[in-house]
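K.L.:
Just lifted these from TrEMBL, have a look:
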DOMAIN    73-298  domain 'SET'
BINDING   Arg232, Arg236, Asp249, Trp264, Tyr297, Tyr310  substrate binding site
BINDING   Arg232, Asn252, His253  S-adenosyl-L-methionine binding site
Amino acid sequence: MVTLFTLSSSSSTFLFPTPRTKLSTTLTHFSLPKTPTHLKKPVLAVTSLSSPLQCDPSLPPAVQTFWQWLRDEGVVSAKSPAAKPALVPEGMGLVAHRNIGKNEVVLEVPKRLWINPDAVSASEIGNVCNGLKPWVSVALFLLREKYRDDSKWRLYLDILPESTNSTVFWSEEELDELQGTQLLSTTMGVKEYVQSEFLKVEEEIILPNKQLFPSPITLDDFFWAFGILRSRAFSRLRGQNLVLIPLADLINHSSSITTEEHAWEIKGAAGLFSWDYLFSIRSPVALKAGEQVFIQYDINKSNAEFALDYGFIDSSNANRDAFTLTLEISESDPFYGDKLDIAESNGLGATAYFDIFLDRSLPPALIPYLRLVALGGTDAFLLESIFRNTIWGHLELPVSPANEELICRVVREACKSALSAYPTTIGEDEKLKESKLDPRLEIAVGIRHGEKKVLQHIDGIFKDRESELRQLEYYQERRLKDLGLCGELEDIIFWEPK
């Protein structure tokens, strides 16, 4: 586990680096889908395909039956989709069966086949699920449909994986490889959250309505549904923050795709005589027949979030390596009220989280917030109400040598403490990365190696800052210059009465 530790100045408390669990966003607004179903061991990408209406006979029977279902529903025709399920290095994916131009439509799926809160509301369990968190209601719907032989989505549900490599499904032994990482604490927090939600919904919804849920639903079942939604649900559609799209969720991620503009909700023909909203995906790049269709799942997610959501990391992109610094204004700080007011006036709070990515600039608000937390002693006059409207501008520049030295020292000590919590060194991790690893061990090694690199990156930034302390211009010098009381050589000009 990541150790929480507190470093105190005379008036301020710094908490570094507490892991953060982003439950409020990732559990109610799911992001783009993950590396899809791993039905077989990865094989080489397909280089030739049969008729667009026919499914590759080498695919598992469940996938072939799923494809036939899509044909029966009118999703598959001679013109669409432009790609079909195939075995690819990632496991299962979509491969172009003809040349596809950039921004050309790859597939369209009518709304009647989507699984989302609207589908739950229109179902037999809609009334009892009213008021639940959207993801919880869709999870219950997914489980109920999974155990119904006559489910409309039966053939889609049959191809969904029983688990993923998401860290929520790891064994204790596998989680041990994450010792010292923030991902370990985040994973445990998510597991506790999901279990808490299950116990609540079991007591309030499942058990009192056994006629609606004839098949027992266990905690493991609930985790399965959570994992499916976390890894495969699309968002960013008009009014749709959580939706499963059969076929579309087979598309894999590639870091070579640098745009997320590929999915649209449009209104179009959904049959010979009907119109419906369609989920449409366009290829971000031009493709030749036999090439795999890729999208970008989320440009801004860290590798830890990829591991938690999708069960893999983007090892080719070091910019996804991240570490979260947690800063806190201590309630015991004699200036707590003033500092909190200033923080809130600038969109922050008593506790603030800053995601630091490798080889990226520090978040703009990090240094001002650090200076605010450390503010005390002879610098405390800046907290007076007369400065309230201008203080953030002052905090964007060095305040005093003591303040700047304190934040550099505290951050560097925090980084060293965090680095000491890992059971392995960067060198040991790099040696492991050179060998063939189990997928989950590969994720663990990649995460802890990435976190350490970011910590070294942060330490390096503040080490350089420490070496420049004497060259910096501080508040008092800037103030004297503004008043014309400091010469070109920065000598103080004393006013003498005549």
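Numbering starts at 1 and runs along the chain as displayed.
Keep in mind that glycine also has a Cβ here, set from the backbone N, Cα and C atoms.
It should be emphasised that the depicted structure is a prediction, and the values quoted were computed from it without experimental measurement.
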K.L.:
Provide the number of Cβ atoms within 10 Å of the Cβ of Tyr310 (substrate binding site), excluding the reference atom itself.
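P.N.:
There are 27 of them.
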K.L.:
Roughly how many angstrom lie between the C-alpha atoms of His253 (S-adenosyl-L-methionine binding site) and Tyr297 (substrate binding site)?
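P.N.:
Cα-Cα, rounded: 6 Å.
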K.L.:
Using only the residues recorded as binding S-adenosyl-L-methionine (Arg232, Asn252, His253), report the maximum Cα-Cα distance in Å, whole number please.
P.N.:
12
K.L.:
Counting Cβ neighbours within 10 Å across all chains shown, tell me which of the binding-site residues Trp264, Tyr297 comes out on top.
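P.N.:
Of the binding-site residues Trp264, Tyr297, the most buried by Cβ count within 10 Å is Tyr297.
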K.L.:
Among the binding-site residues listed here, Arg232, His253, whose Cβ has the fewest other Cβ atoms inside 10 Å?
P.N.:
His253
K.L.:
List the Cα distance (Å, whole number) between Arg232 (substrate binding site) and Asn252 (S-adenosyl-L-methionine binding site).
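P.N.:
Roughly 10 Å, rounded to the nearest whole number.
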K.L.:
What average pLDDT does the predicted model assign to the domain 'SET' (73-298)?
P.N.:
92
K.L.:
Do you know offhand how many angstrom separate Asn252 (S-adenosyl-L-methionine binding site) and Tyr297 (substrate binding site) by C-alpha?
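P.N.:
Tyr297 (substrate binding site) has its Cα 8 Å from the Cα of Asn252 (S-adenosyl-L-methionine binding site).
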